[in-house]
Amino acid sequence: MQSTTNNCNPKIFLSFHWRGKEMKSITLFLLFCFLVPSALAQLKFAFYGPSCNRAGSIISTVVAESFRRDPSITAALLRMQFHDCFVTGCDASLLIDPRPGRPSEKSTGPNASVRGYEVIDEIKRRLEAVCPRVVSCADIVALATRDAIKLAGGPSFLIKTGRRDGLRSNPADVNLPGPTIPVSASIQAFAAKGMSVNDMVTLIGGGHSVGSIHCSLFQDRLNDPAMDRSLNAQLRNTCRAPNDPSVFLDQRTPFVVDNAIYGEMQRQRAVMRIDQNLALDGATRGIVSSFAQSNSLFRQRFAQAMEKMGTIGVLTGRAGEIRRNCRVFNNGR
């Protein structure tokens, strides 16, 4: 977590010599300079209580309206938050639109199918009308995703806010785990972001419990003789259609955030390679089994993992900015 900047400059004072009470006063001043930014930089619950107490209700309303029109918005927002947080941190850098001669994270292949931006735009529009330049786009993504999870039958949980929006969106920063990544490499990728093996299994399974995937991205599974035969035949039939159709990653409860996908993994019915390998690898097989047996355990761990993911590389205090438009930096660049 990055600390806030401040106007204290201890180096100026260190060029002098003090004695007695004057020395103690300066010492206290220096401690204030060093400690206060760290304290101010922390995320906290009800961050917008004094400055925009309608923020939560506005976000919940827009997400509920979107969910009624299209329940798959939960999967879209989950993917959006993951793709944002796992690049330079949860700083809404993914939301920046590319411009001629200035590509952004949106320009990359892994982000080409990310959607749901219009929901964030509508939330920001309504918030700016009530509390201009107060609620960050990064917090909007985190809160909207949390609300969408609950609407899809997932756990309800509190998250701390106070994130600020990043000042960089560079396609060169994007290096996201792909659908065929080995479990060992996925563990390393999550560990690099401070996430445990349990967090990884929870987030991958939970995120994919309401997701979908294009046929072109799981051909390796269709050619896997170990895959459940009836599912294989069903998927092959679907994928014969033109224009690279999509199928649900969770064939049992595709619009519900629950533990059903872990049972599918155990029965060789996972569509994506990484999902199936979680049930086969010794480092993750036991976690998959525990979630398959207990939806309550999955719900508890999923809430915890989502809260944790939402703190990756956040900007707070005076770092970054509060964008007026989530698609554009405030300086217009």
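If you go along the chain as it appears here, the first residue is 1 and each next one adds 1.
Yeah, the Cβs are placed from backbone N, Cα and C, and that goes for glycine too.
Taken from TrEMBL as is:
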ACT_SITE  HIS83  active site, proton acceptor
BINDING   PRO177  substrate binding site
DOMAIN    42-330  domain 'Plant heme peroxidase family profile'
SITE      ARG79  site 'Transition state stabilizer'
| the residue listed as 'active site, proton acceptor' CB neighbourhood, other CB atoms within 10 A | 20
| query | List, in sequence order, the same-chain residues at least six positions removed whose CB sits under 8 Å from that of ARG79 (site 'Transition state stabilizer')? | reply | VAL114, GLY116, GLY207, GLY211
| task | Using C-alpha atoms only, work out the spacing between the residue listed as 'substrate binding site' and the residue listed as 'active site, proton acceptor' and round it to an integer in Å. | result | 10
| message | For a quick check of packing: other C-beta atoms within 10 Å of the C-beta of PRO177 (substrate binding site), how many? | response | 18
| request: Average the pLDDT scores across the domain 'Plant heme peroxidase family profile' (42-330) and report the rounded value. | output: 97
